[in-house]
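If you check TrEMBL, you get these features:
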| type | residues | note |
| --- | --- | --- |
| TRANSMEM | 20-37 | transmembrane segment |
| DOMAIN | 37-275 | domain 'Rhodopsin' |
| TRANSMEM | 49-68 | transmembrane segment |
| TRANSMEM | 97-123 | transmembrane segment |
| TRANSMEM | 135-157 | transmembrane segment |
| TRANSMEM | 177-201 | transmembrane segment |
| TRANSMEM | 213-233 | transmembrane segment |
| TRANSMEM | 245-270 | transmembrane segment |
Amino acid sequence: MATTEGYSEAYLHESRQKGLIAVIVLFIVLETLTLILRQVSKRLGRIRLDWDDLLITLGWVLCTVVNATSLDDVYHGGVGRHEVWVKQTDPGMISVWGHYIIIIPLIYFAACVPAKLAVVYLYLNIFTSKAMRMICFGVAAVMLGNWFGTTVAGLLVCRPLSYFWTGVGHCINTNAFFRWSGLANLITDCIMLVLPMPMVWNLQASLRLKLGICLTFLFGSIGLISSIFRFYILFVTNSEVDTTWTAATFVLWCVVESGTYQIAACFPLYRPLVKYLGRKLHLTSSRGESGHDTTASNPRLTRSHAGRFQSLKGDSLTEETEEDAVGLVTLGSQRSDIAPGTIVVDRRFSVT
């Protein structure tokens, strides 16, 4: 059945709001959980607070603002419903949407920066090469410059800004603005992914350890995936048609991309937590198999393990007795016996 304006009932009742709300809530939970786990991991590893903690916390605050404004835009701005339905139901929603189409991008541009800077700060703490450090500073400068430039462009995209909800005035090509504003993120993500790899593969360490370090850096760069998807999807989406409906795509990727950067930046600091949980699980498994504390009640087993421990001295290391660990030294603040800005490979042995 068609309405008086020629739109079918099925079209008017289409909605993307439930899916959008689910994604936003999911990222609220993930961003908060990963931040808490990061702090727990740092405490377990006795890693002192540093500038990266301030950056990560700032990133979480900005991501939370992105999520909160996006939710409000869904509930009160009609995002995720067709524009004709919004105007028929409550024309005032268009004004709310128009304000948020300015606010959300500006917060999103800012929210992507702190987490990426935290990863750059990590790189600065482990790179001693002058060339590598200059690249890191250059990447940070591009990030900050892109944030400043996109913020200014976002405030000038329409004159006056009230054009978004009144239709009076003029705008530049908003599609081009939304599409190309993410290009710098894509480029810096690629650089940050590739940058540490040559140094890692030149380490005098086992292949298993090298792969583990590379995996750590890869986890810290998964924001690249969301950046690629956002870049592509905005290129095939026309934001100037059915504005409240297509805005759902833009809002979704603002939440996903900024949230992915925030979550990814927490991963490189999880090693102390992973090791702690691994020891707990191993201890629980050992006790479950024996039914009692083998170290205290089985002298022969204790002597055997003590002998095994003694045999580890020297060069007779095997993968079964070796536990590789990577210490990312933060400018000489963690241990006085290690030169600042170096990757440290610790050999630690478990006696079970």
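Glycine is no exception: its Cβ is also placed from the backbone N, Cα and C atoms.
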For the transmembrane segment (20-37), sequence-distant contacts whose Cβ falls under 8 Å of one of its Cβ atoms, 6 or more beyond its ends:
56-57, 60, 63-64, 67, 70-71, 74, 79-80, 248, 251-252, 255-256, 259, 262-263, 266-267, 270, 273
Seg_contact(the transmembrane segment (245-270), the transmembrane segment (135-157)) with at least 3 CB pairs under 8 angstroms, min sep 6
no
Take every residue in the domain 'Rhodopsin' (37-275), average their pLDDT values, and give the whole-number result.
88
